[in-house]
C-alpha cells in the first residue's frame, strides 16, 4: 500500500513538472534571445511582441488542440467501448481534410472573421461528416457502437478517395500545399484561432467532466447504464455532437494531428486507472502539454527548418499503437 502511494505521488510530480515546464520553457526557445524582464515590463518592446503575439499564442493554441484531442479520445474510447478508438474514428477529420483540400484546389482566397477559406471549408466538411454519421448510426435506442464505428470507417474511406481524386487532378504546387496541410501544423499569429478554440474547449470540457460518472457506468454496458438511471441515447447524442464539434474545429485550424487522442488517455489509465472523473480533466491538461512539447520538438529537430508536428506525433504514436495491439492480443489469448 505504501509503495502504491509513493508511486502515485511520484507519477503526479512528474506530470506536474511536465505540464509546468510546457508553459515555462518553450516560449523562450527559438530564433534569437528573448529578454524576459524586458518582455514583461515593456509591453511595446520587440521582446514583448515576439512573446505575446507569436510564441504565446502558438503555445496556447497547441495546448487547446492537444487537450481537445486527448479529451475527446478518452470520451470516444468510453462511448464506443473500444480502447483503440481515437477522435478521428468517426470520420470527422476526413470531412475536414476534404474541405481543406477542396479549398486549396479551387484556390479560394476568402477571409471571414479572421479565418481563411481553408479553415472555413474544413469546418463545413467536418459538419457534413457529423450529419452523415448522425443520420446513418442513429436509432430509437441510441447509437450502437458497431454502427458508429462502421459509419466512421466508411465515411473516412469515402472522403479519402475524394481527396486522392483531387490530388490526381492537381499540379505539383497544389499537391505540395495539400500534403503539407494534411501533415498538421500549429503556426498561428495572433489570438484569433486560440480564442475561437477556447470558446469551444471550455464548455465541452466541462460537459465531459460533469458527466464523467455516467461514462464510468456506460463502460459496463448500455443495458446496465439504463438500469442505473443513465439516459444512454441522450448522453451518446450529446457526446457525439460535442466531441465531433471540438475535433472538427481543431482539425480545421491545425490539420489532422494524429495519435494524441490515443496515446495520452492510455498512458493516464496506466498511471491513474480508468475512472473518468479523473481521466477526463487529466487528458485535457496532459494532452495539451504533450502537444506543446511535440511542437517544440518539431521546431527544433532540424532547426532552423520546421517539421510538421503531425509527423512527430505519428512517429511517437505508431510504435505505441503497435504496443497496444500486441498487449490486447496477449490479453485475449
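Including glycine, each Cβ sits where the backbone N, Cα and C put it.
Note that the coordinates shown come from a computational prediction; the quantities given were computed from them, not determined experimentally.
TrEMBL lists 56-76, 88-108, 114-136, 148-169, 200-220, 240-267, 279-301, 307-326 with the feature transmembrane segment.
Within the chain, the transmembrane segment (88-108) has long-range Cβ neighbours (under 8 A, six or more residues past its boundaries) at 76, 80, 82, 116-130, 133, 148-149, 151-156, 158-160, 162-163, 166-167, 169-170, 174, 177-178, 181-182, 240, 244, 247-248, 251-252, 255-256, 258, 261.
For the transmembrane segment (307-326), the partner stretch with the most Cβ pairs below 8 Å, chosen from 56-76, 148-169, 200-220, 240-267, is 240-267.
Distant neighbours of the transmembrane segment (114-136): 90-100, 102-104, 108, 147-148, 151-152, 154-155, 159, 181, 190, 192, 196, 240-241, 244-245, 247-249, 251-253; these residues of the same chain sit at least 6 beyond its ends, with a Cβ under 8 Å from one of its Cβ atoms.
A Cβ distance under 8 Å defines the sequence-distant neighbours of the transmembrane segment (148-169), meaning residues of its chain 6+ beyond its ends; these are 79-80, 82, 85, 88-91, 93-95, 97-98, 101-102, 105, 125, 129, 132-133, 136-137, 175, 178, 240. Taking Cβ pairs closer than 8 Å, the transmembrane segment (279-301) reaches residues 15, 18-19, 22-23, 25-26, 29-30, 58-59, 62-71, 73-75, 186, 201, 205, 208-209, 212, 215, 257, 260-261, 263-265, 267-269, 272-273, 307-309, 311-313, 316 in its own chain, all 6 or more past its ends.
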